[in-house]
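Trainee: Sharing the feature lines straight out of TrEMBL:
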- A:12-31: transmembrane segment (TRANSMEM)
- A:P75, A:T76, A:Y77, A:D106, A:R168, A:R173, A:D195, A:D196, A:D197, A:H312, A:T313, A:R314: UDP-alpha-D-glucuronate binding site (BINDING)
- A:D197: Mn(2+) binding site (BINDING)
- A:E228: site 'Interaction with galactose moiety of substrate glycoprotein' (SITE)
- A:E284: active site, proton donor/acceptor (ACT_SITE)
- A:Q322: site 'Interaction with galactose moiety of substrate glycoprotein' (SITE)
Protein chains: 2
Amino acid sequence: MVHWQWFLRRRQLFYGTCCVLILYLIHGALIDSAQEDSQVDLRKELIFLRKQGFFQSKDPGASNAQIPTVFLIMPTYKRPTQIPDLIRQCHTFLAVPSFVWILVEDAPERSDVVSNFLRRCGVPSIHLNAATPEKLKIKTQQRKRPRGNFHGTKCRRHFRFSFFVCVRRIEQRNEGLRWIRENTKGIAGVVYFGDDDNTYEHQLFEEMRDTKRVSVWPVGIAGGVMVEGPIVDPSTGKILKFNAAYKPSRKFPVDMAAFAINARLFHEKPEALFDIPKRDGELEGEILKYFLDSPFDMEPKADFATKILVWHTRTSSAVLTQEKKLKEPSDSHIKYVWT
Amino acid sequence: MVHWQWFLRRRQLFYGTCCVLILYLIHGALIDSAQEDSQVDLRKELIFLRKQGFFQSKDPGASNAQIPTVFLIMPTYKRPTQIPDLIRQCHTFLAVPSFVWILVEDAPERSDVVSNFLRRCGVPSIHLNAATPEKLKIKTQQRKRPRGNFHGTKCRRHFRFSFFVCVRRIEQRNEGLRWIRENTKGIAGVVYFGDDDNTYEHQLFEEMRDTKRVSVWPVGIAGGVMVEGPIVDPSTGKILKFNAAYKPSRKFPVDMAAFAINARLFHEKPEALFDIPKRDGELEGEILKYFLDSPFDMEPKADFATKILVWHTRTSSAVLTQEKKLKEPSDSHIKYVWT
Ligand SMILES: O=C(O)[C@H]1O[C@H](OP(=O)(O)OP(=O)(O)OC[C@H]2O[C@@H](n3ccc(=O)[nH]c3=O)[C@H](O)[C@@H]2O)[C@H](O)[C@@H](O)[C@@H]1O
Ligand SMILES: O=C(O)[C@H]1O[C@H](OP(=O)(O)OP(=O)(O)OC[C@H]2O[C@@H](n3ccc(=O)[nH]c3=O)[C@H](O)[C@@H]2O)[C@H](O)[C@@H](O)[C@@H]1O
């Protein structure tokens, strides 16, 4: 039988064990209540984690295994649907790890609307601007689209004034590339070009992350067809042909949303920039030509190019025909800047 | 001076304390590595938390403080932009706690495309269907929109066949309300009616969550103006007037996206259902009339109705004019169901 003194001498061990248990329970309770909070504060948590992910990947010498960063260069311009379009992108990008959103305003200055938006959104971002040159803005009194050779530019009516703006977002994308060259030396990453009203599925960014040189995948509702993109032989993994109905003669018959480029290549070829293409609708080739001899050298992704993970959706421009019936603008009481 | 025996007798206390520290450190390390994983697995985490939130709120007797559940009833229909539109909604809703997405297909059967989509998305959801009655489908050989009195319905050309479909999504919304009545008795919640191409900011759902009877807020790009919604006196919190240019004579001059209704009210008034409105564009009044005598009884939200947290965006329908140039459909090699 155990002597009563044994208990006495072990009493302090018993107290110690009690301490462990109590501390453990308190800790557990704290974590539980934190979990309840996180139900409500999930978005803040997400933002925090995203930011962490960004800063970690800025330190390439860090010991823990790193995933390459996705750098998304996206032009944007002022219009009534701009903020809702950007909000939907924000909601998508919040759940993408190691991601930097390079938003380039098509304007002579960066706007407060966009910088307030980016602060509130919480996705790690870089806010730039580059104006479309005045010579590409065509003033007109007619309601007709101007005709003539604009060297592959697209013309659209300004949403408020009566002139057409003919743009191809060359300046904005080059401004993004300038930032890439200045800030990503030695960082493992991939560069992708986005439109602010396209639809991106989260998985798309995981597919492009390990691009060796240039990767490629199908794009939904692009080039006038349901799906535009490569057709791949699943047994060899090689591209057999490109499914394009719009200008199949293009050297690189793919949409801007169809490919990503390893960021390293932009440091290796400092001259690689967008320029006005010789023929309409061949802007993609303007950048791809620096890195590829043939479109068949691209690395197919998305399960041998059988999955659609990006869609060339477009947001209809706002119909504001009733505005003139009101005495003052309908948004005069609105804290319009999204804070 | 402390006797050496004091230390001997306290040695076990010292061991106990060491145990506490070691356990604490192990625990900390586990949590740290979990945080690293969650960088990559954030989406899974989100899905998990969302689901937890849903199941917790299904048990109204649970002891921990509950937030009311948002039940969003949303009609949807097959078209080329359907999946991208739903994906963007999914990305938004993933970060909304205590949320149930009631997606009602405008079709005689639930489709595999939508059920696969919902499974993959991970937002807690209910998949229903309700077909628009045949009499509201107007067959026509002409490419013209049919004219005549369709009792407030809207007619659009079917995206593939040459007939017009005149719908107002009454059947789909009523099917959603049927589910609410069968499944939410005794659950604190709020019912909201959504469109699958609108834009919702996360904060909107927090604003509507504590609706007492019917809450209201401004909607961006609605009714032909930049903002449609109530004007509120910030000193009293009372609604002064409704800013509507489109049919300001409507009894409830608000958009479908402008209000939410406490779920309890649908149990109190089992007869409250949508019906064909007497006049065009007054569908909102069809449901509001059951719960309110006057639009001024609504509870204004969104910082005295000065913030836009929802936009009536529309996705342009897909342009598939090049499809005919191809020998086989452009999507024949695609695993089209989004899995
Ligand atoms: O030819 C072009 O420039 C564009 O044509 C198509 O795109 P599309 O749908 O016609 O154009 P938008 O979606 O209206 O605009 C593409 C991007 O440029 C931006 N943009 C548009 C218009 C403008 O005046 N300025 C401007 O920065 C948009 O915000 C958007 O992010 C392609 O998808 C784009 O990649 C290409 O840049
Ligand atoms: O009058 C109407 O019925 C609709 O008019 C406007 O909406 P609008 O932008 O014109 O319509 P859509 O956005 O094309 O459709 C509204 C919802 O109904 C669904 N829908 C549309 C068309 C259809 O044939 N079947 C169907 O279920 C859409 O997927 C969407 O979720 C209003 O915002 C809607 O709340 C209202 O239901």
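For all residues, glycine too, the Cβ spot is worked out from N, Cα and C.
Here the structure is a predicted model, which means the values were calculated and not measured.
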Trainee: By CA-CA distance, flag whichever of A:P75, A:D195, A:E284, A:T313 among the recorded positions is nearest to A:Q322 (site 'Interaction with galactose moiety of substrate glycoprotein').
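Mentor: Going through A:P75, A:D195, A:E284, A:T313 one by one, the closest to A:Q322 (site 'Interaction with galactose moiety of substrate glycoprotein') is A:T313.
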Trainee: Could you check the recorded positions A:P75, A:E228, A:E284, A:T313, A:Q322 and tell me which sit with their Cβ under 8 Å of a chain B Cβ?
Mentor: A:E228, A:T313, A:Q322
Trainee: Given the binding-site residues A:P75, A:D195, A:D197, A:T313, return the subset with CB under 6 A from an atom of ligand 1, ordered by sequence, or none if empty.
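Mentor: Correct list: A:P75, A:D195, A:D197.
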Trainee: Once the DSSP letters are reduced so that anything not helix or strand counts as coil, what is A:E228 (site 'Interaction with galactose moiety of substrate glycoprotein')?
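Mentor: A:E228 (site 'Interaction with galactose moiety of substrate glycoprotein') sits in a strand per DSSP.
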Trainee: Could you check which of the binding-site residues (A:P75, A:Y77, A:D195, A:D197, A:T313) sits closest to A:E228 (site 'Interaction with galactose moiety of substrate glycoprotein'), going Cα to Cα?
Mentor: A:T313
Trainee: Between the Cα atoms of A:D195 (UDP-alpha-D-glucuronate binding site) and the residue listed as 'active site, proton donor/acceptor', what distance do you get, rounded to the nearest Å?
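Mentor: Here the two Cα atoms are 13 Å apart.
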Trainee: By the count of other Cβ atoms within 10 Å, pick out the sparsest of the recorded positions A:T313, A:Q322.
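Mentor: Lowest Cβ count within 10 Å among the recorded positions (A:T313, A:Q322) is A:Q322.
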Trainee: When you tally the Cβ atoms that lie within 10 Å of each candidate's Cβ, which of the recorded positions (A:Y77, A:E228, A:E284) has the highest tally?
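Mentor: Buried the deepest by this measure is A:E228.
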Trainee: On a C-alpha basis, identify the one among A:P75, A:Y77, A:D197, A:T313 that is nearest to A:E284 (active site, proton donor/acceptor); the candidates are the binding-site residues.
Mentor: A:P75
